[in-house]
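*Asks:* Checked TrEMBL, it gives:
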type     : residues               : note
ACT_SITE : Glu382                 : active site
BINDING  : His381, His386, Glu438 : Zn(2+) binding site
Amino acid sequence: MSGELDKSQFLLPLDQPVVTLDVATAFSQLSNTEKLYAHFLSQAAWTGGLITLLQTSPESGPVFVLLHKLFSAQHPSKFRQTAIAHGFSDTDVMSLFVYAAGVFTNAGNYKTGRTCLGFPPEGCTTYFSSNCTSEDSARVQNWLKKHNLESYNTRCFKSILASDVGELQVDVDGKYKYRLVQGDYCLLMKLLNRALEKALPYTNQTELFMLQSYIRSFRTGSINEHKQGSRLWIQNKTPAIETYIGFIETYRDPAGVRGEFEAFVAMVNRPMSKKFKNLVENAQQFLGHLPWPKDFEKDHFLRPDFTSLDVLSFAGSSIPAGINIPNYDDIRQSEGFKNVALGNVIPASYQFAQTPFLSVSDVKLLREWRVLAFELQVGLHELLGHGSGKLFRKEADGNRNFPRTLINPVTGNPITSCYQHGDTFDSRFGSIGAAFEECRAEAVGLYLSLEPSVLEIFGYKDEDADDIKYVNWLALVWAGAGRSLEMWEPGRGWLQAHAQARFVITKVLMQVGVVRVTQPHRDDLLITLDRNSISGPGRNAISHFLLQLQVFKSLGDVQSAKRLFGGLSEVDEPWLTWRSIIISRKQPRNMLLQPNTELVNDTIMLKTYKPHVEEVITSWLDRFQDPEQVYSAIIELARGDFPHFT
């Protein structure tokens, strides 16, 4: 990689904060059958999550095996005693513990959000072999579109050598030969499917068919089977145990179209879910408040499930606060989706949080209302942000899902672009798609949080309503102005979609004077949100911005999207100067420590841990019943990948 790196930004501190996910109450309310279902699903999730290691970097899988073997042979507490007895300092030992815990929780040897993603030599990826370029990516994407194939569960290797993996399709296009083969990650997929099969006896009928579709998908590589499982997942309303598994989010693919493997198992938090249910029941009314013409909204509102969940197991590179899935456009537009807020993740994320660059009064308000405001924002962001808007399509037979006479409300001219057969939002918007969509969803959350009827659903009226909407805007603005540049690198750009989205929104509000950033001292900033301007100039600015975002998304107008979003994403002065101040006040991200389940005499027991780095390692030692199988699978897969990254 070229350019100078501030290596300190890529390290975990020795005093790395660790917080536990509180799940005991929710777990205790499950029946034994539900606990057995959750147990085997969790085993499948943790096994499948090991795929993320291989998606992060070529060395992440072997590093995981080395560390897991080391501490399996000698428990961390015993290892500490042995190391110190042989002349190592406590700092030496703690450094290794923090590194190991970081590899385990981040699914690789990079801090979450700090991976320099991109095509070699500027960036790091295992979604493409090291000899692939962005031009190769575009060429492959065109070939996939031509053959009506989606790339969620694929990787792209250039000049692949002869393999014993079965070819599904061979095609010659000009001077390029394309080979579609199956079997990537097959050794881990076999172990994953064994765990899913053990969960089958504890399902209802919908869950049974759902898991069977997932099993077939993971055995064959069929996206259609995973889509069928996703349809059944949508139909499985308000279950006691929620789970989703597969190649889901495209944030870490440089091309923005390939999914990172993730899986979660969680239990319903009924009190918070009741608020979200009320939000769903009124969603059609709130969609009408959004600042785009009704032709740009879906023809029929597909009422989704929306629940607050307490996470039992979440396998992947990081744990979000909320999810709106599945990501398949054809299902989302015509059949629906589900929203989940991960209720025990939100307060855990804010433990130990400091908020520099704010006034004393704003810090006090943020401390009092932040978790509640974030629950509100997550609800609006997921349901009415990601869940809103229509994609205009022209099918292969020429049929369109929009009137030919429709006028573009941004330009005042007739519509000139739309999605063609085989296009998806991800394939059209590529590398800017994730940040663009997160920005749209965040802006919807800000916009609708000003609606009194929305606030009443969450129990806020009068002075409380004023405080919650102010803190909701303040929290996002603080994240945009006071933290987001932690996720931007000179010469590399933005490293994280949500950070980029919040930075862009902050700049929109600064343009109309609703937000001000000043530098009262050489090493300090002051972020100010004009409370009296939120409902006037602030709302108007977000309204106009949202209209543009939705129109560009609906039309698949990537060029206009890049001009608007790309321009606002630029980091120039005074932000370049301010970034050094922001970096100097950076706080370590909390490491989330998850529990395990274990089968004891036909009963599933919950095993919890104390919030220490050593306990993070212990939790991962307890996670796999037959670690040698896991080690063998990871090493063999990594060895097979090796020729593509040398």
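Placement of Cβ uses the backbone N, Cα and C atoms for every residue, glycine included.
Just so you know, TrEMBL annotations never went through curation; they're auto-generated.
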*Asks:* Select one residue from His381, His386: among these binding-site residues, choose the one with the most other Cβ atoms within 10 Å of its Cβ.
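*Replies:* That would be His381, with the highest Cβ count within 10 Å.
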*Asks:* So of Glu382, Glu438, which of the recorded positions has the fewest other Cβ atoms within 10 Å around its own Cβ?
*Replies:* Glu438
*Asks:* Relative to the mean position of the Cβ atoms of His381, His386, Glu438, the recorded Zn(2+) site, which additional same-chain residues have Cβ within 8 Å?
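*Replies:* For the Zn(2+) site the neighbour list reads Gly322, Asn324, Glu382, Gly385, Glu437, Arg440, Ala441, Glu442, Val444, Gly445.
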